[in-house]
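As recorded in Swiss-Prot:
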DOMAIN    138-180  domain 'F-box'
REPEAT    6-39  repeat 'TPR 1'
REPEAT    41-74  repeat 'TPR 2'
REPEAT    76-108  repeat 'TPR 3'
Amino acid sequence: MNNYQVKAIKEKTQQYLSKRKFEDALTFITKTIEQEPNPTIDLFELRAQVYEKSGQYSQAELDAKRMIHLNARNARGYLRLGKLLQLDGFDKKADQLYTQGLRMVHKMDPLRPVLKKVSQRLNERILRTRPVLDLFRILPREVLLCILQQLNFKSIVQCMQVCKHWRDCIKKEPSLFCCLDFSCASPRSVNSRDRNVMAVARYSVYSKDNIQEVIGLEKLGILTPTKALLRSVKSLKVYKTISPLHTQSTDKLYTIWTPFSELHYFYCATPITFSIASKILSCCKKLKQVELVDLIPDLIFDSMDWDKLFNAESVPLALKSLTFIRNQKFPFHHKEQQFLKDLLSASPYLEYLEASYQSDLVAAIKKYKINLRSLIIIDEGVSNTVKDLAFLPQSLTTLIVKPCNPASTILCPYLFPTNVRMESLINLELFLYLRLSQNDIDNVVKFLTSCYKLKKLVLHDSLALAPHFFEIFASLPELEHLEIPDNVALQNKHAIHITDCCPNLKYVNFSNSISLDGSGFIAVLRGLKELKRIDIINCDSVSRDAIDWARSKGMQVTVASSLPNSQPLGTKKIRLI
């Protein structure tokens, strides 16, 4: 049957329908279908239309199903059957049918956009008419408040969109809006800046102007303090940026944060210059914890005005924790060193410091008598000369020396103090230089033996220390956490000696120690009564039977990395000399 014949049949059928002669139209189209050896979906669509006009929905649905059966890639059958199901009151079945149609219909079908639009419209109508279980009328307020406080901020906003009653109840709880966390905001939300400003203004009203924490506000495209946040300046104590700020005027970035004079904690993942950092620190006098993880130099270092902001005679800062990490893509300038030195001189209460290594860092700590409790040194690998850590505060409980990139190695040895006993040091993590000289080895060994109260020890790239393991661990009787990964020289005798000297060990990591076999593994398990977990990743000499025996005793044994597609722990980037 060609297109002209189909067109003639349609015109004659429409004539019957216009005169409301449903029986004549039905007889005509049915006779045509019976006479046609291979009826097309056009004929069944015409008859379904006639059935629909005459109110015979069940018969019309059968013809619509025949249309889908004849050509499942054509949208007309799904549109016809979906409409009939809705007329019969089966909205859910129609919704499922439209979903199936969107999967099956060809992308080039001209009616596919119509099918998609009809599906979306039906879905919206189902959501509007769907009965909502009103938990706010069933559960007590205290129970609901406890539940909502476990949700993240995005989930709370979604709950407000369920219905008007939910929104009215939630916005009456100021405690739910003390922390505005926009870290889950969609990247597209930056395009709706004005709407976002109004939303933040509403949250400020809901919180009774008591917002205490803001996270990721830059994801909403808001680069300056809004009126909503300025209302709550007196209460804002935590501000975190988690993504870069795309702005032309980087020299004006400090205006975003300086109005919040009551800030206690400031975390900035946004690249900011030293001048901006100095203005923030000088304006927010009550800052106790600052994390600057991507500091970049000013365009013209010599024109910076921060060199007079901090010194020993200025008003001391309230800082207790400082993370000060520079961006390595930019060359080092001597004024960066002076900036950190001045900052330390104005921070007498500092207890935690994480910073890129600088030559006079230890001298500044000693000069200004800073009683640090935790010191983390980031080695940038810029210089190959020996780096001085010969002075460490007696108040220090945690010391970490690590490379800027976990997959890299330390490019030079560190000089540790050996003339004093580190009585307060409890946690120690060291990445060692791979080519230690004998003097450097002696220095590290003396330092480790002086830390006799250590409870946690992590040694990376410790191959050079293997001959001294007996001396080192004999001095660490209180050790509870030990990690010596990537040491191919670690043998059964060393493991047994560690077991005898450190009976309180609860966690041990011997990963990539290929010389350790099943007998040494069993000896460690039997000797350490407090042991709860042991890692032996890539220790192929330890048999499966020994591992199964350990697990049968309730021991947690890790034999494979939990990170997908991760490289072996011993694989490092080594700069060849």
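Cβ from N, Cα, C; glycine included.
On a predicted model such as this, the values are computed, not experimentally measured, just so you know.
Using a Cβ-Cβ cut-off under 8 Å and counting only residues 6 or more beyond its ends in the same chain, the domain 'F-box' (138-180) has close neighbours at 132, 200, 202-204, 206-208, 210-215, 217, 238.
Helix, strand and coil content of the repeat 'TPR 3' (76-108), in residues and according to DSSP, is 26 helix, 0 strand, 7 coil. In terms of DSSP helix, strand and coil, the repeat 'TPR 1' (6-39) has 27 helix, 0 strand, 7 coil.
Across the residues of the domain 'F-box' (138-180), the predicted structure has a mean pLDDT of 88. For the domain 'F-box' (138-180), the number of residues in each DSSP class (helix H, G, I; strand E, B; coil) is 28 helix, 2 strand, 13 coil.
Across the repeat 'TPR 2' (41-74), DSSP classifies residues as 27 helix, 0 strand, 7 coil.
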